[in-house]
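Accompanying notes for the structure given below.
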């Protein structure tokens, strides 16, 4: 997703963003002391993952599928009738009219019936100044027979044998088609992201399916587009600065710093500001960052936008560590690699789930150490998923690419197969730790905004795995089974 020429005026107007939530200052985290939590850890986890039938992959010969682990709840279990999720809230009333989509793409409805995860997620604003932090409003849990089965055949793609994961319903095809149409128009007309010869790679990215799967509670396609533009922009920076299309570790720090100013603007003197502003249009990654962030800040609160900027700084720091190792030919220890991957990972994507969902997790609740642990574990687990599914793709690419199986094989003197299987075990342990930490936080702080955010992060983790599994254009599994 690279540069296709110098910046010029866009040939089409961008879609109108969803109305921003209220921008009241952050308040102290809510304290709940008088309402006991009735759901157990297992019940909370079961409520995150409605049952979905998928064809199963053959088990690994050296270890049983992780879903059989007795210490974790099965992904197909349902919460008992006594467990009630937070009640749905009224959807926000936008102060700006949404973009009128084609007749086939509903804009103002919540996720369709196929997005059954959203049936357990309250919709509407939960920002400051609303009633979202009230714990009095509850409703009965949706009974299992009220959850519609996914419509249509599931996309094909094998699951890594032994990988602990949760299947998801098929993403709404109407939303997928509309997001795909809009993001391609944005990439080609507004930011001119790639030359014509790279169009097939952009289409093969399947970002529309990706974002619809990861954000089942997004109230409109406009909200989905917030995440989709940012995802495409992040990948443009990775591809053009670090990886496939002209990327190099040499000079990466300077390129990343200047690109980051498209997210976190330079404040300087009148003499030098015009030159900086002009630089934001000098290449495709910066054009994409600038446009995607402009859309995002119009819909997000100031604290949500600042949260995203900090998470992107973390990502760029991880890029620089990996680049430094590439320049010197250093293969890190496994713990060093995992530390790098805690920064060079998907964290900026799930942590905008509240903005995409049309509500806000207040800054004080986001900053809680237990919430930060949940977010870190989710990002780490999803990033190892990427290592596992992109393993053969990276082996076939020029140069040496570090991923967890490669580092384990090198540092622990294991065969490629045994190292890959151990990486699966690392992923599974991270996933179990993420789910346990999320359940503990839900029990300790059962505030509706917290519960919804946790469900949003879990949905992103599941959708991210499903996209890797189904994207056979990009990924294939090694022949280890």
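Positions of Cβ are set from backbone N, Cα and C atoms, glycine also.
Feature annotation from Swiss-Prot assigns region 'Disordered' to 1-125 (among others).
Per Swiss-Prot, the feature compositional bias 'Pro residues' maps to 11-23 (among others).
Look at Swiss-Prot and you will find 24-33 (among others) tagged as compositional bias 'Low complexity'.
The annotation compositional bias 'Pro residues' is assigned in Swiss-Prot to 52-64 (among others).
If you look up Swiss-Prot, you'll see 71-104 (among others) marked as compositional bias 'Pro residues'.
Feature annotation from Swiss-Prot assigns compositional bias 'Low complexity' to 105-114 (among others).
Feature annotation from Swiss-Prot assigns region 'Disordered' to 139-160 (among others).
Positions annotated as Mg(2+) binding site by Swiss-Prot: 238, 239, 243, 386, 390, 394. When secondary structure is read from DSSP and collapsed to three states, residue 238 (Mg(2+) binding site) falls in the helix class.
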- request: Write out the long-range same-chain contacts of residue 394 (Mg(2+) binding site), meaning residues 6 or more apart in sequence whose Cβ is under 8 Å from its Cβ.
  value: 401, 403
- request: Give the helix, strand or coil assignment DSSP yields for residue 394 (Mg(2+) binding site).
  value: helix
Statement: Per DSSP (helix/strand/coil reduction), residue 243 (Mg(2+) binding site) sits in coil
